[in-house]
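Some notes on the structure that comes next.
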Amino acid sequence: MNLMQMMMSPIITLIMMTLMPKDKKRMMENMSTLSSILILMQTMYLHMDNNHQIKAITLLFSSNTETNNMTMTTHQLCMDTLSTSLMMLTSMLMLTSMLMSKKTMYHTHKKLFMCLFTITMTLFLTLTTSSLMMFYIMFESSMMPLMMMMGLWGSRKEKTRATYYFLLYTMMGSLPLFITILIMNNKLGTFNTTTLQNMEIHTHTQQQLFMGLFLAFAMKTPLIPWHSWLPLAHVEAPAMGSVLLAGMLLKLGTYGFIRFTTPMLTNLSKYTSPMMMIMSMLSMWLASINSLRQNDMKRMMAYSSMAHMGMITAACFSMNPMSKKGAMMLMLSHGLTSSALFALVSFLYERHKSRLMKNFQGMSYTTPMLSTLIMMTTLAHMSTPGSMNFMGEYLCLLGLWELHPSMTMTSTMGMMMSTAYLLLLYIQITSSKPTTYTKYKMYDLSLNETQAILTLTMPNMTLGLMPYPMM
Amino acid sequence: MENKENLMYKIMTTSLIMTSMLMTTFKNWMILYITMELLTMTTLLLMSLNSKNAQSKEGSMKYLMLSAISSTMLITGMLLTSYQHNSQNMMLKTLLSSNNNMMLTMILFKLGSAPFHIWVTDMYEATKTMNLPLIILIPKMAIISTLMTFETSNNILLMSGILSTTMGAMGAMNQKKMKRLLAYSSINNMGIMIMGLHMYTLPSMQAIMMHMMIYTTTLTIMLMTLHHTYYKKQLTSETFQNDKSNHTHKIIISTLLLSLSGLPPFPGFLSKWLIMSSTMKQQLMLTSTWMLMTNIPSTAYYLYTMMYSYFKTIMSTTKTMTENNMNNNNKYKMAILTFPILSTLIHPQLMLMPTWTVSTKMMNVPSNNKSPNNKIYINTHTQSKN
């Protein structure tokens, strides 16, 4: 299996989609689900193959010594375990969103599927390029289809404001990145990251590069002073949009931290790690406190994902192999669980047309399947042992302990709060007396919806018990 | 009556094109002056053709007065330099390279860049949308190509470039009318092009050409689509909303706005990238960062126009997205124009190669049969400067 062959499959499906007539909705749905399953299988094969042949994970941690660990398949596309695992995550999310689309979307299916496949293509390219410029281009262009999704399929009038915020924030973050990339190319003469890692970069250019990279990725992650676009975007986006946003697009920020910032600018990121620690701890604490007092479930999930991303950035900048491995694990597992929670919230929204927590009570009496799935995902999200989140968080905390014990203390306190709000959500929804709505009008998940959730939760559980393939 | 006007229109358009061709081919300063005058006359006539509202008359009058003043300044500058150099038959190259600021500023006026930009918005509002691409784009292309053939890296160009990028970005921030907004965006793009002219290196020439091609095609398509949509007060909020059924217009205009804003997957990004990299090569970090920073407010208003009109009409629960049958002829026109724009997205080499060869010929540099991506940027000018 070649990486190039892998890239062909979304392109082929895109072309098929464009040629498809508009009214054949059923055919399009089936075809898109089939092709997403195919893509998922391809990525899984790629991941396993890659894992067997080389332990490319060493590349991330000892970047200055080893150069030939990357498998160069074509000129500028290359991959290691981090990129293949995130590719697997994207293809899983695609599959769930295809399965979800049958119930949650009402119009213009053709465009929706085209948007989804363009997102997969751009994300695959961002995860596999070795040139910084190509990374920037693809990083930005993954915004466009998501913006279209938010704008066209969003359900309320505030969606225009939300998309406006979303795009402008990311623009503001990424323009300095563009400038710094150009400056770097002017001074060093390459875009290629592997050659850049082995270069002796002047300290002044290092600082410039760090600022550019940091701003772009911090806006994307988002860390706390630049976070205000995220809750808005999550609330206004359609179900699939928020699933993709929480699952994959936020990870691009931390992916950038792991891939570009820490290996290229090792000394500088060691130097700035206290600042980064403070910012990430702040974002963890404040976001989880915020999410404790939300009525809107989607907003609550948005704040919670912010808190978890803060944990991941803290792990990235503690600069030891343990925490980096943990950050990778947490990225994957958070992508699986938070997107599953968003999907569940969207199913609730489909039933009652509201996302307020007080409208749902005692669902375990009437809808057992939904409530058990909610229980599974919330438990995984608060990282109980047995889930993959636990593995990731455990490794992160170990690495943070190596940096300084106080870091572990503060981050565990932050994570404790996440259990608090998740339990609050679960208890509010499932237990106590069922309301009249839940008694008479609520109906359980259909087969498609359960499949959509299970594609996310099952890998999480299995990998939690047997984390070898991701290590 | 109708026939006469139609004939008039045809004559005017042909004369406009012919005069701009003349301007590019001859290198004599007298011819430059004459062609400039002819251009102003023809644009004036085209502006005032079929004008029934007071606004267009006002705009055309403003244009007449200001251009008359500028052309008198231009000819006085030309005469002064010819008096200094003691020769009647002078080439343009010596005129422009002998630090004659008066002439350059007046040429900048004709381009409509920043300190002399006030007439541009009025002119945009005054003319009909059908005539606008003719009036705006063809003379600009001619004037820029004349500037490109001569060595004109003057500091005035840099100043006006910076000023026009800022004015174009800030001016349209709270603009309600679509055409005025497009005028400000044209000022912004003019500034970027002038910045590239200031560099005067081989990659910057290529970048200017790329930018010109992409920008002119996008603006012509925009104006064509606006011509076909019905909107009474010419407000930005009206452009999409009154035309609920016509969905292809919406898609075209929104993609073009995104391309103008210079977001990565679209070709507008490519030209901006080329100009940025060429400015970086000349060690002008601050100016290039400034240009990119001005890009933020400009994207803000492009997105404003796009979203607040395009997304507002569509909700997830309604089923309004039905396609109306557009006139087939117009459809073909749109397709022919949008295709090159989208093809640069997939394969930019198609646009990069011809611009590279033209720019090498313009700068009298051996092209070496190398693609522009290979790094052989020969800049004779800066070496001589140092």
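Note that Cβ sites are derived from N, Cα and C of the backbone, with glycine treated the same way.
Here TrEMBL flags A:130-413 as domain 'NADH:quinone oxidoreductase/Mrp antiporter transmembrane'.
Summarising the annotation, TrEMBL assigns transmembrane segment to A:82-100 (among others). Long-range contacts of the transmembrane segment (A:82-100) within the same chain: residues 29, 32-33, 36-37, 39-40, 42-44, 46-47, 50-51, 57, 60, 113, 116, 119-120, 123-124, 127-128, 239-240, 243-244, 247-248, 251, 255, 258-259, 328, 331-332, 335-336, 339-340, 343, 346, 448-449, 451-453, 455-456, 459, 470, each at least 6 residues beyond the stretch ends and with a Cβ under 8 Å from a Cβ of the stretch.
Residues or ranges marked as transmembrane segment by TrEMBL: A:112-128 (among others).
The annotation transmembrane segment is assigned in TrEMBL to A:134-153 (among others).
When Cβ-Cβ distances below 8 Å are used as the criterion, the transmembrane segment (A:165-184) is approached by residues 132-133, 136, 139-140, 143, 147, 150, 191, 196, 205, 208-209, 211-213, 215-220, 222, 226, 228-229, 232-233 of the same chain, each at least six residues removed from its ends. Among the features that TrEMBL reports, transmembrane segment is placed at A:165-184 (among others).
Under the heading transmembrane segment, TrEMBL lists A:209-227 (among others).
Here TrEMBL flags A:239-258 (among others) as transmembrane segment.
Under the heading transmembrane segment, TrEMBL lists A:270-289 (among others). Listed by sequence, the residues of this chain that lie at least six past the ends of the transmembrane segment (A:270-289) yet keep a Cβ under 8 A from its Cβ atoms are 210, 218, 222-224, 227, 303-304, 306-307, 309-311, 313-314, 317-319, 403, 407, 410-411, 413-415, 417-418, 420-421.
Residues annotated as transmembrane segment in TrEMBL: A:301-320 (among others). Within its own chain, the transmembrane segment (A:301-320) is flanked in space by residues 221-224, 227, 230-231, 233-235, 242, 246, 250, 253-254, 257-258, 261-262, 266, 269-270, 272-273, 276-277, 279-285, 287-288, 290-291, 294, 326-327, 330-331, 334, 338, 341-342, 345, 381, 393, 395-396, 399-400, 402-403, 407, 411, 414-415, 417-418, 421-422, which lie at least six positions past its ends and keep a Cβ under 8 Å from the stretch.
Annotated transmembrane segment per TrEMBL: A:326-349 (among others), in sequence order.
As annotated by TrEMBL, transmembrane segment applies to A:370-388 (among others).
Proximity of distant same-chain residues to the transmembrane segment (A:408-429), defined by a Cβ-Cβ separation under 8 Å and at least 6 residues beyond the stretch ends, is recorded for 281, 284-285, 288-289, 291-292, 297, 300, 304, 307-308, 310-311, 314, 348, 357-358, 360-361, 363, 371, 374-375, 378, 381-383, 393, 396-397, 400-401. Annotation comment: TrEMBL describes A:408-429 (among others) as transmembrane segment.
Ranking A:134-153, A:209-227, A:326-349 by CB pairs under 8 A with the transmembrane segment (A:112-128) puts A:134-153 at the top. Between the transmembrane segment (A:370-388) and the stretches A:134-153, A:209-227, A:326-349, the greatest number of Cβ pairs separated by less than 8 Å involves A:326-349.
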